[in-house]
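J.: Structure provided below as structure tokens; questions to follow.
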Amino acid sequence: MGDVVQMHFTTPDYVIFALLLVASTCIGLFYALSGGRQRTTQEFLLADRSMSCLPVSLSLLATFQSAVAILGAPSEIYTYGTQYWFLGVSYFLGLLIPAHIFIPVFYRLRLSSAYEYLELRFNKTVRIMGTVTFIFQMVIYMGVVLYAPALALNAVTGFDLWGAVLAMGLVCTLYTTLGGLKAVIWTDVFQTIVMFAGQLAVIVVGTHQAGGIGEVWRKSMNGSRIASLDLNPDPTERHTFWTLGVGGVFLMLALYGVNQAQVQRYLSSRTEKEAIMSCYVVFPCQQVVLCLGCLMGLVMFARYGEDSPLDKGFVKTNDQMVLYFVMDVFKDLPGLPGLFVACLFSGALSTISSAFNSLATVTMEDLIKPYCPAMTEAKATLLSKGLALAYGLVCLAMAYIASLMGSVLQAAFSIFGMVGGPLLGLFCLGMFFPWANSIGAIVGLVAGLVMAFWIGIGNFMSRMAAATPLPFMNATAIPMPANMTSTVLSTLIDSVTSKPRPTGVQALYNLSYLWYSAHNSTTVVLVGLIVSLLTGPMKEKDLTPGTVYPVLGNLLFFLPERYREKLCCVTPLPYKPKPIDTQPYQMAQKESNGPTQIKEEEKTEGRDEEEGDEERATPHPSCPLGHTVLETAL
């Protein structure tokens, strides 16, 4: 094994990379100095609920397409073939379900934080538990997603490691703090274009150098990299059609259904219809992104074959191999390596800025606002900006800690990935099962988290005991949505040589990382339902209207009307916001949302009284969502 080969940036590369950072900062400054100048929490945290479909969908995509995905997808395809491409099958249900179930519920309740829903459906304790769980996963991951691409860049090009980390962290903190969610969304749009441009440039130039797309395909076929449909139902198999197409749906739901970073974008849309459309628009974009990653992996294989730079010792990990390939392809084309690095760091910036903004929102809405109901709008906005700044500094501190963790860094990926499933289970428990109560929700969430950490840590320990210590980022970092899956799980499974099929607890430790979200969310729902039934199911009169989606009533359409109505748990009780938590603050929101919003709310308030008696008397045979979710929660 030779020493790691370093290739160096030229002046045009540095210029293009610097332009990315400057452009992102300028977008933040523009929104800090224009429009409402981020003077209200509605504008700072929710972009005044004024965003159109296209920027929201591109922002959703940018958060999904992180630096880990850009580095991980091609190396995954290069190493294992195109089986990973079948993940695209899961995108359909993974976006259709949020579009028609989660978005209508969240949007019509006029939430700012997804975890407000948990208090409306259960109680304050469940809301705080959900918020703290989310903050825990995001804080750990922020440093990792900032440090990992900088480390790969440093290893391949000699680019100053902490220079890259500080430049990204500070620029991201600056435009998120100054420009709020509008700046985050529009920089995401700009960064998405840069990501597409960088990946396309590598594919076009690499394909040309390999002798054309026909030659790339021929070499990939000969090298057995074009995978067929694998219908093996074994859940311990790392990638099959079922793990990718079905397990992947739960991963997508954990991201696009209940993750605050994505929910916040839906809530910033002008109308519910535009929020739903953004899910539909992002679907083909995701397929394009997946195809680009697969193509880059095949072009890499056409260039190097089985004799990879990793085997030759030119790089130390698969993640570095993608950057090595880019520098190799572009060595005679100054400026283009800088474009790809800008593409790579755009992925990191979009993910981190989303984290800053969503963390500031949940901290403000869930942990501060309920205990300071008399806070003025100006003070609340200033505090929100301070929170975004503070989380930016925490991110830099986490990057430093990540640099000290070495191979334990994989455990940080694991911890982040294992939290998404239990949170998804908690929201599903509340939204689909009317009889679930708060005790069931708390016990279910704790059980899901315990199960997730037990399997994840057990997997890690069993691999450490059975194999030699794994080097940092050994094997591929699997590019799952917004990195909601555990990279360490795929990494550890990669190290398994052909052994007899595991049984018992060992089989659980060998579960494919793609089933983790499904397994953990199911644990939350089952435990939550059992505990709810044992402690006394939730009664219809105690439910807040608009918090239950009548999925059982709709699925069981063949049952008599009275049973379906019972399952839907439709309650005619008018929704009254909890005055201690939200009333004074909502008055400030009403002022900040402009005259149009005030008129709409006055209309709905008037209608509520007129329709109250009518709703009580009118049966709901099909239990439509329109009856279970009121038009406003103010």
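We count from 1, first residue shown onward.
Including glycine, each Cβ sits where the backbone N, Cα and C put it.
TrEMBL labels come from automatic prediction, so no person has curated them.
The transmembrane segment feature in TrEMBL is assigned to 14-33, 53-72, 84-107, 128-149, 161-181, 193-211, 239-258, 279-302, 339-362, 408-432, 439-461, 513-534 (among others). Among the features that TrEMBL reports, region 'Disordered' is placed at 580-634. Annotated compositional bias 'Polar residues' per TrEMBL: 583-596, in sequence order.
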J.: Short question: most Cβ pairs under 8 Å with the transmembrane segment (339-362), which of 14-33, 53-72, 239-258, 439-461?
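T.: Going through each listed stretch, the top one turns out to be 53-72.
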J.: Would you say the transmembrane segment (84-107) and the transmembrane segment (14-33) are in contact under the rule of three or more C-beta pairs closer than 8 Å, pairs 6 or more apart in sequence?
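T.: Answer no, regions not in contact.
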J.: Is it the case that the transmembrane segment (279-302) and the transmembrane segment (161-181) have 3 or more CB pairs under 8 Å, with pairs at least 6 apart in sequence?
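T.: Since fewer than 3 Cβ pairs under 8 Å link them, the transmembrane segment (279-302) and the transmembrane segment (161-181) do not come into contact.
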J.: Which residues of the chain, 6 or more past the ends of the transmembrane segment (513-534), have a CB below 8 A from one of its CBs?
T.: 235, 238-239, 243-244, 246-251, 253-254, 417-418, 420-422, 424-426, 428-429, 433, 435-437, 439-441, 443-445, 447-449, 451-452, 455-456, 478, 484-486, 489-490, 493
J.: Determine which residues of the chain contact the transmembrane segment (53-72) at the Cβ level, with the cut-off under 8 Å and only residues 6 or more beyond its ends counted.
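T.: That would be 145, 148-149, 152, 184-186, 188-189, 191-192, 195, 199, 255-256, 261-262, 265-266, 268-269, 274-275, 277-279, 281-282, 285-286, 289, 293, 318-319, 322-323, 343-348, 350-351, 354, 476-483, 487.
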J.: Quick one: find which recorded stretch in 84-107, 128-149, 161-181, 193-211 has the most Cβ pairs under 8 Å with the transmembrane segment (439-461).
T.: 128-149
